[in-house]
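Trainee: Please find one structure pasted underneath; my questions will follow.
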Amino acid sequence: MTVEEVGDDYTKDGTVDLRGNPVRRSIRGRWKACSFVVVYEVFERMAYYGISSNLVIYMTTKLHQGTVESSNNVTNWVGTSWLTPIMGAYVGDALLGRYITFVISCAIYFSGMMVLTLSVTIPGIKPPECSTTNVEDCKKASVLQLAVFFGALYTLAIGTGGTKPNISTIGADQFDVFDPKEKTQKLSFFNWWMFSIFFGTLFANTVLVYVQDNVGWTLGYGLPTLGLAISITIFLLGTPFYRHKLPTGSPFTKMARVIVASFRKAKAPMAHDNTSFHELPSLEYERKGAFPIHPTPSLRFLDRASLKTGTTHKWNLCTTTEVEETKQMLRMLPVLFITFVPSMMLAQINTLFVKQGTTLDRKVTGSFSIPPASLSAFVTLSMLISIVLYDRVFVKITRKFTGNPRGITLLQRMGIGLIFHILIMIVASVTERYRLKVAADHGLIHQTGVKLPLTIFALLPQFVLMGMADSFLEVAKLEFFYDQAPESMKSLGTSYSTTSLAIGNFMSSFLLSTVSEITKKRGRGWILNNLNESRLDYYYLFFAVLNLVNFVLFLVVVKFYVYRAEVTDSVGVKEEEMKETE
């Protein structure tokens, strides 16, 4: 290569190697580096869902907990697992960098998995056995046994807090948006990222769940632990090929400074001349591989933070770019709030949907019975197929009509997913009503431990539809919060997606407990330990109405949302300004 060609080969988005040196695109990054990240995610998701998919069954059969208690324990733990990424994103963006934060978190994650496997293996810390069908008659697990088990679970949750927001961002960082070819490749990254997630999930929901139900929990938890060890090893092997972005300071502090400075200058006369607002020279941004962001008309009150009033203290004066970054993170909040309700629906997959399956005939052929949690595999299969069709067929067709490289906008894709969620809960309600009718027709309403003469595959439609919904909503949600976040806050933006799932799970726990208590006091409870005496059909119908209201609110949010300008637009503006000065 000539000197000029070598110069052109360096990335322009500020990425460096672990020592802080600029990197060449021909040596690091792109799909070569992403292959390690994607394969890591396959094995890691196998490990995580190998625990979470069947957790409600373990808590029911081994910890002897009732329907509401076991479901809430699962959703509270899952919620914590999705909430901790906020802290992981902060550490990755502001302090240690994404790579180091990720590696340390992997060690915590693995230690939690090891202790969890030991808690279902070693006598004394393993809960007592019970063959009685009524869990209320079983001996409860001791305080020590519960402490070890839940301690391991929440250690695992802390570990995932540092891996989840940083691994997808590390993958996306392997593509330079200032290179046209890499920018195009990045558009497909999140589709294939979700594909890898659900490929690992598919193995967990089939093989691992079957092992747990039919072989034992020691091997059933030991295999996910081994899978996690493999995933960490694969990620570390790809280290020589990764591109890295340097920590840019605390995004929370930056946003707080903008808000505080705005209020401090609330009474100052507002200027309309751009020279009255503080901004750094373009060279300051170029040294960091970044570009200034031009002012936008929304949330104009925050512009006061960059208004020059004579003081230069950092809590009184911010740059226009910092103001625009804060605006963008705040503009995404209404979209985040709209995703809470569909995240509540996802919480039903590994709780109430699985509990329904335990009451049905699970025989497939001969002596082979499908584990209830394995129905989640159909969510995965449905999503895998839907993602491929979306990426290879739907996008190509719609792109011709819309001119959008993505086919449709991210918010339009999310809207289609929200419509699916309404349909899912209607189907689930109708299916549950039919299941209750079968129980009544055969005099099994008050029977526990007796399987209804109805195949477990009657639940299949709600699982398949959930996978189709995920291919629209969950993929778009992850890409939206990454894409719309400012360049210096990508991990925090990604954590919006995990926060949505966390709040959804916590809301599910609250709603389940509240509805259960209220309906018990007013007659026939909607959610009881014996599902044949419950009215889950009413509960699901309530969810359908909730999703409909949420969709109407979504339409209002979409109407007023303004997409973030592409970072490459700033480059174009700068080039035009340079031409004008020549």
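Cβ from N, Cα, C; glycine included.
Just so you know, TrEMBL annotations are computer predictions that nobody has curated.
Checked TrEMBL, it gives:
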TRANSMEM  99-122  transmembrane segment
TRANSMEM  142-159  transmembrane segment
TRANSMEM  190-211  transmembrane segment
TRANSMEM  217-237  transmembrane segment
TRANSMEM  333-353  transmembrane segment
TRANSMEM  373-390  transmembrane segment
TRANSMEM  410-430  transmembrane segment
TRANSMEM  450-473  transmembrane segment
TRANSMEM  494-518  transmembrane segment
TRANSMEM  538-562  transmembrane segment
Trainee: Same chain, outside the transmembrane segment (217-237) by at least 6, Cβ under 8 Å from its Cβ: which residues?
Mentor: 36-37, 39-44, 46-48, 50-51, 54, 58, 62, 102-103, 106, 109-110, 113-114, 116-117, 120-121, 167, 200, 204, 208-209, 211
Trainee: Where, among 142-159, 333-353, 373-390, 410-430, 538-562, do we find the most CB pairs under 8 A to the transmembrane segment (450-473)?
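Mentor: Of the candidates 142-159, 333-353, 373-390, 410-430, 538-562, 373-390 scores highest.
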Trainee: Near the transmembrane segment (410-430), which residues from the same chain, at least 6 beyond its ends, have a CB less than 8 A from one of its CBs?
Mentor: 335, 338-339, 341-342, 345, 348, 353, 461-462, 465-466, 468-477, 479-480, 483-484, 537-538, 540-541, 543-544, 547-548, 550-551, 554-555, 558, 561
Trainee: Could you tell me whether the transmembrane segment (99-122) and the transmembrane segment (333-353) have 3+ CB pairs under 8 A, leaving out pairs under 6 positions apart?
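Mentor: Checked: the transmembrane segment (333-353) vs the transmembrane segment (99-122), no contact.
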